[in-house]
Amino acid sequence: MFCIQCEQTIQTPAVKGCSFAQGMCGKTSEVSDLQDVLVYTLQGVSFWASKALEFNIINDEINQWAPKAFFSTLTNVNFDPERILELTSQAANYKALLKEQVMSAATLSNTNLADIPAVANFELPNSAEAILAFAPQVAVNRGKDQVHEDVIGLRLLCLYGLKGAAAYMEHARVLEQTNNDIYAEYHEIMAWLGTDPEDLGELLDCSMRIGLMNYKVMEMLDQGETTTFGHPEPTTVNVKPVKGKCILVSGHDLHDLEKILQQTEGKGINVYTNGEMLPAHGYPELKKYPHLVGNYGSAWQNQQKEFANFPGAIVMTSNCLLNPNVGQYADRLFTRSIVGWPGVAHIEGDDFSQVIECALAQDGFQHDEIEHHITVGFSRNALMNAAPAVIDQVKQGNIKHFFLVGGCDGDKAERSYYTDFTAEAPEDTLILTLACGKFRFNKNTFGDINGIPRLLDVGQCNDAYSAIQLALALAKEFDCDINELPLTLVLSWFEQKAIVILLTLFALGVKGIYTGPTAPAFLTPNLIAIIQEKFDMRSIGNVQDDLKAILAA
């Protein structure tokens with residue numbers, strides 16, 4: 001086992017990366033090794049998909065399936081070795097199909113297929129034991145003894161960034177947003193990474209290419225969400241329980257939430273969001289359901305306690321999943337799509353009757369708690385509608401600075417920085433937030449600036465697209481570069497979606513971003529220095545010192 005993709009991976013003077021019987025996330029060495037083989041097989045699929053395109057062969061099924069399968073290897077998504085093996089077997093079948101089609105087309109056109117890499121010709125062993133024995137040969141840090149550690153670091157930056165983009169591609173696909181040009185670019189990059197490139201300049205360029213590709217993917221996802229569910233509107237959300245039977249929906253998939261709301265109408269079941277599903281309350285086509293009663297719980301790392309105390313059924317639509325046996329709620333948990341845990345019920349298709357039956361069999365909440373409301377729904381359209389008023393307050397000198405404080409949450413005590421930062425930000429500053437990092441402070445009171453709330457919840461992690469649109473609008477209004485705006489991004493990272501959003505911001509030319517709580521373990525000190533110099537990236541430090549430096553600039 002070797003896994004170094006998330007923020008909580010082992011980092012000591014002697015060891016970097018999880019390389020023992022179990023990773024810090026809870027996945028076993030078996031699952032980790034199987035995921036490595038799946039990724040390698042997917043790189044072979046991408047080689048033949050790219051080669052097929054040269055012969056005008058496009059397989060929509062494979063194009064849409066491949067990023068989804070890659071998504072299954074993202075942190076805290078799938079811990080089930082049987083499911084990973086099934087995906088790997090399917091990948092091998094797709095690879096063989098594409099290879100056969102390309103070979104036939106090449107023969108018919110009298111084309112010589114030269115320079116076929118090992119990743120394209122590799123044959124998947126025919127048993128789980130043989131696959132596991134083969135896994136060390138395709139570990140994500142393969143070749144580490146032959147190349148400089150900076151090469152491995154940049155390969156991983158690209159691989160993990162592309163994995164984050166693949167996750168957003170799958171979220172978009174669920175909402176019927178697909179794009180063959182983006183799939184072609186994905187396959188080209190994935191296949192190239194499978195050849196173990198060594199040129200640092202090319203790898204850096206590739207990371208920027210991934211960032212720009214992801215910007216287009218986030219635009220697709222924004223289009224899918226707003227076309228399907230309407231543009232989010234500022235909406236108050238109760239974060240306390242309501243008496244009655246209940247279902248909790250966690251993850252990111254708004255499609256699943258809608259299906260659950262439709263199928264629970266009139267059944268006396270209250271539906272709650274959790275974690276990154278909180279922004280769902282702002283969408284007109286979702287908030288119209290009166291039994292979508294509120295949000296329960298906070299960020300992913302608290303789920304083992306919060307889910308254990310939730311007296312109903314729980315649906316995990318995407319990341320982040322933790323071991324449900326710790327809180328003894330595995331019998332009330334249902335996974336969807338690429339999510340998996342051994343022994344936990346998995347739902348294929350859109351029939352949630354099992355979830356409903358489970359919810360009706362549970363006690364539910366026995367009484368109402370005193371309501372506590374927070375506000376969500378400040379996504380792209382709402383932000384753009386508010387832009388004239390915001391610009392006016394800036395011109396009057398009432399808004400001096402903008403902060404975007406958000407990203408992934410996690411366990412580390414250092415993450416209290418983000419709570420303290422928002423608390424100490426001057427009252428003439430506006431704070432935008434997104435992703436689950438918001439749970440560090442989104443129940444606190446921030447007041448307003450002449451009617452404009454000081455805390456604006458932009459949405460899920462992918463709604464960084466909305467924040468970018470506001471920044472571009474402000475830059476246009478003030479006739480300046482985006483880096484000349486009184487705007488500072490203060491981001492927290494945990495997994496690969498955060499990595500690709502950072503690459504997107506870098507690729508768009510955004511500089512001076514503060515990141516934390518720690519640097520990615522897969523980046524060497526030399527690579528961190530290069531990124532800091534090239535993009536003026538800064539590590540978070542002391543809140544007071546950071547605020548002083550930001551506001552003095």
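Each Cβ is built from the backbone N, Cα and C atoms, and glycine gets one as well.
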Which residue of C246, C320, C480 does Swiss-Prot report at the same hybrid [4Fe-2O-2S] cluster site as H252, E276, C408, C436, C461, E495, K497? C320
What does the structure give for the C-alpha distance between H252 (hybrid [4Fe-2O-2S] cluster binding site) and C25 ([2Fe-2S] cluster binding site)? Integer Å is fine. 19
DSSP says E276 (hybrid [4Fe-2O-2S] cluster binding site), in three-state terms, is helix
Tell me whether C25 ([2Fe-2S] cluster binding site) sits in a helix, a strand or coil according to DSSP. coil
